[in-house]
Amino acid sequence: MINPIALKCGPLAIHWYALCILSGLVLAVYLASKEAPKKGISSDAIFDFILIAFPLAIVGARIYYVIFEWSYYVKHLDEIIAIWNGGIAIYGGLITGALVLLAYCYNKVLNPIHFLDIAAPSVMVAQAIGRWGNFINQEAYGKAVSQLNYLPSFIQKQMFIEGSYRIPTFLYESFWNLLGFVIIMMWRRKPKSLLDGEIFAFYLIWYGSGRLVIEGMRTDSLMFLGIRISQYVSALLIIIGLIFVIKRRRQKGISYYQE
């Protein structure tokens with residue numbers, strides 16, 4: 001089993017979970033800052049946005065998780081802020097981040113569609129890296145299986161939880177996000193292939209589809225009325241993405257992302 005603490009300096013402990021999230025963030029910001037000027041948004045605007053959005057997204061992700069696990073946290077109030085032990089919901093972070101983005105664009109008089117198009121691929125790669133924090137914390141895993149011989153030994157060992165090997169759903173989602181990132185990065189280079197806003201719509205449809213399937217394999221998901229909450233949200237993302245693309249294609253005068 002991998003020690004969840006990467007470094008320890010006196011009373012200060014740095015967890016792998018935090019390092020995975022921060023590594024994903026750094027790469028995401030770098031990619032977004034390089035792309036932003038092509039759409040008339042300065043790199044400084046990306047950095048300023050992240051300084052506001054990232055801490056709020058972490059808080060939003062934690063609040064989302066705690067709300068749907070309130071039956072546990074009402075008895076363990078001291079653990080509500082213990083995010084180093086895991087327990088942040090990606091959808092909570094995404095919803096919070098999107099709201100902050102809209103407010104930021106309104107305040108700075110920026111085009112939110114352009115901002116979302118720039119952010120979407122970066123979010124994908126950040127999520128792909130961040131999921132490895134779940135791996136080290138032994139969370140976000142799937143049902144018990146007899147063996148995982150198709151995986152490297154270090155993954156097999158870490159996925160041996162409560163006396164059984166577990167489906168590495170973290171790995172599936174990480175790979176799915178990485179594949180989506182590669183596809184959209186290649187696609188957006190082609191002139192007149194994507195309208196403004198369709199990169200973001202692709203993210204909604206791609207991520208929503210993958211998450212909808214992968215959530216069905218998990219055993220530790222938050223539930224509501226017998227269905228996993230993330231599956232409700234995933235279905236909603238797919239619907240929003242499809243409606244957005246259909247309406248966008250019917251509108252006249254919409255510019256292409258890459259002319």
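In case you wondered, yes, glycine gets a Cβ from its N, Cα and C as well.
The transmembrane segment annotation in Swiss-Prot covers 12-32 (among others) and rests on sequence analysis.
Annotated transmembrane segment per Swiss-Prot: 41-61 (among others), in sequence order, evidence recorded as sequence analysis.
Residues or ranges marked as transmembrane segment by Swiss-Prot: 80-100 (among others).
The transmembrane segment annotation in Swiss-Prot covers 109-129 (among others).
Summarising the annotation, Swiss-Prot assigns transmembrane segment to 167-187 (among others) and lists sequence analysis as the type of evidence.
Proximity of distant same-chain residues to the transmembrane segment (194-214), defined by a Cβ-Cβ separation under 8 Å and at least 6 residues beyond the stretch ends, is recorded for 113-114, 116-117, 119-121, 123-124, 127, 169, 172-173, 176-177, 180, 183-184, 187-188, 230-231, 233-238, 240-242, 244-245, 248-249, 254-258. Annotation comment: Swiss-Prot describes 194-214 (among others) as transmembrane segment.
Taken from Swiss-Prot, the feature transmembrane segment covers 226-246 (among others), and the record attributes it to sequence analysis.
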Range from 12-32, 41-61, 80-100, 109-129 with the greatest count of C-beta pairs under 8 A to the transmembrane segment (226-246):
80-100
Please indicate, using numbers and ranges, the residues of the same chain that are 6 or more beyond the transmembrane segment (80-100) and have a C-beta under 8 Å from a C-beta there.
13, 15, 17-18, 49, 52-53, 56-66, 68-69, 73, 116, 123, 127, 130, 133-134, 137, 139, 222, 229-230, 233
